[in-house]
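Enquirer: Taken from TrEMBL, the feature domain 'Nudix hydrolase' applies to 26-158. What TrEMBL lists as transmembrane segment is 178-195.
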Amino acid sequence: RQDVKERARLRLRAFDVGDRFSRLPLPRAAVLLPLLLRDGRLHLLLTVRSMQLRRSPGEVCFPGGKSEATDKDEIDTALREAKEEVGLQPEKVEVICRLTPGIDKMNHVVTPVVGFIEDTFQATPNPDEVSDVFVVPLEYFIKPLHYKVLPYRNSAGYVTRVHCFNYNDHDHKTSFKIWGLTAHFAVFLALVIFGEKPTFEVDYDLDNLLSSSEKNFMNLYASLHERRKSNL
């Protein structure tokens, strides 16, 4: 059990970007990627956004949201939001690292913060924000049973491919659609921890995963920056 976690910790720490992207002149947000060990396998905890939310109602995401002035950094943001959304106490999270960020459709730089939580954690969803909480084996994000690619126009105006997973959850007797930035972060996390080639195409050089992820992000950021300048 400790071996699985320790191997994951070592891999993740090698990919920690720290505050390298924290000073970019875009609004900031963060999400928590909560890892837990169940039956000897790593799992990811995900949430379903409440149907009454204005933005992306009913979509699967990680606990998280926009940075506030009182947050020291992205780790603070992710932990605060996880507490507000699912009742996860910050002291119950073993924070491991920050991974390469993404840019959401509102043009926030979104930093994924990875942390271990106990398998015994019982979520108490805030119904104003979260309608459901579930877990998926991390391996599903490199060896899925139900997967497709969707064309998507990103915030820089380019049409790109996005991952879309359908996960049949036996506990909930329902199927969850995981796509967009949430799927992007889940895939990258699985690639980092397992170091295996997935069963589908990804936009990374798998032999240089960290540098290629940072290059992809900076290319997207530069494209977005150019587009914003041309709109001024």
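Including glycine, each Cβ sits where the backbone N, Cα and C put it.
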Enquirer: Mind tallying the domain 'Nudix hydrolase' (26-158) by DSSP state, helix then strand then coil?
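Expert: Across the domain 'Nudix hydrolase' (26-158), the residues distribute as 20 helix, 55 strand, 58 coil.
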Enquirer: On average, what pLDDT score does this prediction assign to the domain 'Nudix hydrolase' (26-158)?
Expert: 94
